[in-house]
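See below for the structure under consideration.
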């Protein structure tokens, strides 16, 4: 497209040209950054405000105190945080293990039912689990009568439900990536006497680490923010996740809990944000790998 | 069974990997057998059959040499079958039943519930000395019959004779198999004791024993009697006879029904209700249109903004573009529920940041006016969604084939012509599958709607708890009654779920066919 040499504006004519080619991009960039960032600045400011009300949060950084953060200790916030992390990490790890194993099988083995299996997965993933929350609720009532740990109001059963969706959504992303790893590597290892399990654990999984990170992280983030199933399944407050708990704060007595909510929002957004920025290049790569196929 | 022999590859069977497998399978088997036994105890035959099948397949898959691919697919497949395929199928089944409040259980359970609910103390019925006992924590009653025999039972276990009880002046002091509760312990659980009913026998028509003071038991029997032979319910007080009808209720000749019914298949009734019943059809129509508008406009607005930014930052001469890119994608890394709740505060009419600070103290009803609420939903979703589109557009732009662009230049195409005829079509082909999945995601973007507006503002017609910004999935949630604001109607909710699925699946299938993404499965 345009020449890749740096232009330094010197004369007025060049300045106009600089603006039409580069300058406007800075303008757009600044506007976009303000648009994307101002709610985040606001939430940080509100969480540091002295009072805990909505009205008192509108003067940005008028007062700075840790009172809202300290007050979190008197609530169930940290319990919810722990619950959410347990559920999200377990789901993320489980999703990667199950999805990668299935993708490996579909990518490396030729067996009857393979095509049908792939097509079935594509169709099943069009029916999101959240649409079936009524049936999930009813299923867990029956399961709970048999094994209480798998019934309603249990973090374990929530993880199991989330893992039920592990195969549908992610297998394709991984399958495509696994196909890009040359089969010759497998075959060389096989000739050297490696078993299929050794090939899988020590070769394929290492070569596909970027996509595993992406799938794990996306699964972690979506589990972290999942609301409807968690809300239907988890009934006692001590088992709630952040999404269910923080919703309760804001929906009831919105004004009075605002300071607490913003502090909680900052605390719960920080780990996700940090992880996201840290693994950014993998995520961007993974998303675009998924996009640039057709 | 797997025989640990030396393979041609030189690998021995008793390798560490084999031992790990053995331990894991043993663990799975142990848990599975426990679940099978528990299912037997709870008489859940469906779960029992599923568990047995799962165990057999698992053991076969991991110890047979002929099931290599299955070894890798089975863990995910098991969860998929139980928690996705089964629940989808079950949703389909429930959609054709009247499952919900008043139709919660089987006919047997409904009959029992009716008999229990209508129990009254029989006038002048004999009283008998009663002692509160506990059977491993479960409360029960022990009664002494006039002839001196002692019988005991709990809520789930009808009265049965117990031998070897020590009785002292009508009071039971010790009872084999049960703990006799001290007076203090009875006081502590007084509410439980006065609510407890212990069936006299397996036949619900015979009634139950209850107590007020934990010392004297009275027999309560139902004013209803159930006659198995004619399958009718008779009210002994009024003499009215009720017969079962097609809706799963007992109905009298004059059309009155008893309050507890049971689940029956009702065919397409739920779908007819959704599309035809005036209480639902009106809101359903509006919600359907808004759901489409919301999903399409969300995809379009986020894509256009994301694309525009991607183009703006796609110039190697732009200084600091990494910083711009990082800051611009921040909303994508914020969990959606936090963003929706945050914006619901910022858009608050009286105290919110947007009205107070940005608009200088205006009092604009962002979340409570039908039109503005829809704009607010779209606006917040734009903020949430454009970074994702920015990311995929950036990726697609950077991977455009440079040779095609150069060929266009050689052929004399200008910047605009190149963009319109080459860049944009290639970009659309590359991003189309993700636009489709983004559409499907927004079609079911429950969290945003529920947390931002709660579906409000409500429709003026107050017969259903639905509002102007409700989309289909939040309508399903309201109709299901699981949030406790309306009567439960699992049947109608499931029917609506099926409608959503059909809509999303049809659109996805058509769109995927056009983008030929299905050909990826080689």
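Even glycines carry a Cβ here, placed using N, Cα and C.
Panel annotation: around the transmembrane segment (B:18-39), residues 2, 4, 45, 47-48, 51-52, 54-55, 58-59, 62-63 of the same chain, lying at least six beyond its termini, place a Cβ under 8 Å from a Cβ of the stretch. Per TrEMBL, the feature transmembrane segment maps to B:18-39 (among others).
What TrEMBL lists as transmembrane segment is B:45-63 (among others). Long-range neighbours of the transmembrane segment (B:45-63) within the same chain, counting only residues 6 or more positions beyond its ends whose Cβ lies under 8 Å from a Cβ of the stretch, are 1-2, 21, 25, 28-29, 32-33, 35-36, 39, 70-71, 74, 78, 82.
Per TrEMBL, the feature transmembrane segment maps to B:72-96 (among others).
Residues 328, 374, 377-378, 381-382, 385-394, 397, 427, 431, 435, 438-439, 442-443, 445, 466, 468-472, 475 of the same chain lie 6 or more positions beyond the ends of the transmembrane segment (B:287-311) yet place their CB under 8 Å from a CB of it. Feature annotation from TrEMBL assigns transmembrane segment to B:287-311 (among others).
Annotated domain 'ABC transmembrane type-1' per TrEMBL: B:288-511, in sequence order.
Taken from TrEMBL, the feature transmembrane segment covers B:323-343 (among others). Same-chain residues lying 6 or more positions outside the transmembrane segment (B:323-343) and placing a CB less than 8 Å from one of its CB atoms are 309, 313, 376, 380, 383-384, 386-388, 390-391, 394, 447-448, 451-452.
With a cut-off of 8 Å between Cβ atoms, the residues of this chain six or more beyond the transmembrane segment (B:375-397) that come close are 294, 297-298, 301-303, 305-307, 309-311, 313-314, 325, 328-332, 334, 336, 339-340, 343, 347, 366-367, 423, 426-427, 430-431, 434, 438, 442, 445, 448-449, 452-453, 469. Taken from TrEMBL, the feature transmembrane segment covers B:375-397 (among others).
Among the features that TrEMBL reports, transmembrane segment is placed at B:418-441 (among others).
The transmembrane segment annotation in TrEMBL covers B:490-512 (among others). Residues 88, 91-92, 94-100, 103, 266, 269-271, 273-274, 280, 284, 432-433, 436-437, 439-440, 443-444, 472-473, 475-477, 479-481, 518 of the same chain lie 6+ residues outside the transmembrane segment (B:490-512) yet bring a C-beta within less than 8 angstroms of a C-beta in it.
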